[in-house]
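Participant: This is the structure I have questions about; it appears just below.
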């Protein structure tokens, strides 16, 4: 009699995806972030579901309903802060996951990579709409500023913005629809994750060397499940420390002021995980140009497989590309810092230089460095 794990239609899907999955023996802890992202998504859906039971998507009561959750609902405060800081953890894991893909050449699995980019856009949209829901000052003005960017689209821009708002400004209709989208998108993301894994399991995992490892595979369970559990414990520890000791560390104090359309905050800025893109947006004086740069700052990931000029897949043995990669990381951190600063000298010029560097490294320097490294191989 065959093992039910391998014969039952449901369990054999789980078995081939998480138990008997052949996995390269050499993959490092950088490969933990996929499973951590899955855990983050599960935590966000669970905490979000319980928050939605007590939240009201109405401009007159939204702010008070969040206060009610924190004060009156049993363990409501932990739900709220797990959800808010869970989003930060989600993005930390996302950026590390994408960075791993860039460094080790995982983008050569183009289907997996492209589904991943769509997932990144979906998660960013979900997080943006979630930030609007508490209806604080930064929620309202963030929603106003970011949705208003669509008015830069020629001809249809103004109509498009008013259609999204459901009126002539961000108001009750906007909040209601943002709540609806914020609720449904994580389930769409879950379906996209399955497609992401489907494409990944067609090719198998990459490994740090970038060399095919078909002759050196081990089962996912128990070897990598144990490794993933360690990563999970470390992430949950970090999240719980953040939630218990300084839950507002990554938030904006302005969001504790109820939304007031008549009073603009001195510095409108999104959550920290969007600041790098916001800095790129602000560094271009033209509105349409800024919006294009904002979209391209993420969409540029889609053309990275086309820019791969190296004979080697991974950067493991490519020191020039490694230097450029870490320069790109430093540049993104600089952009994140600039995005949170006021629009004044010297921040404007630093932001513009960092934005030029961001696109130059990806589009020009990295492909050229790869070609140079190809020549060095011949020596």
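Placement of Cβ uses the backbone N, Cα and C atoms for every residue, glycine included.
Note that this is a predicted model, so its numbers are computed, not measured.
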Participant: Transmembrane segment per Swiss-Prot: which of the ranges 8-28, 113-133 is that?
Facilitator: 113-133
Participant: Using a Cβ cut-off of under 8 Å, list the residues of the same chain at least 6 residues beyond the transmembrane segment (288-308) that approach it.
Facilitator: 98, 102, 105, 107-108, 110, 113-114, 117, 120-121, 124, 149-150, 152-154, 276-278, 280-282, 355, 358-359, 362-363, 366-367, 370
Participant: Out of 83, 201, which of the binding-site residues has the smallest number of neighbouring Cβ atoms within 10 Å?
Facilitator: 201
Participant: With Cβ distances under 8 Å as the criterion, find the stretch in 33-53, 77-98, 113-133, 226-246, 320-340 that has the most pairs with the transmembrane segment (178-198).
Facilitator: 113-133
Participant: Under 8 Å Cβ to Cβ from residue 196 (heme b b566 binding site), same chain, six or more residues apart: give me those in sequence order, or none if nothing qualifies.
Facilitator: 112, 115, 116, 119
Participant: With the transmembrane segment (320-340) as the reference, find which of 33-53, 77-98, 113-133, 226-246, 347-367 contributes the most Cβ pairs under 8 Å.
Facilitator: 347-367
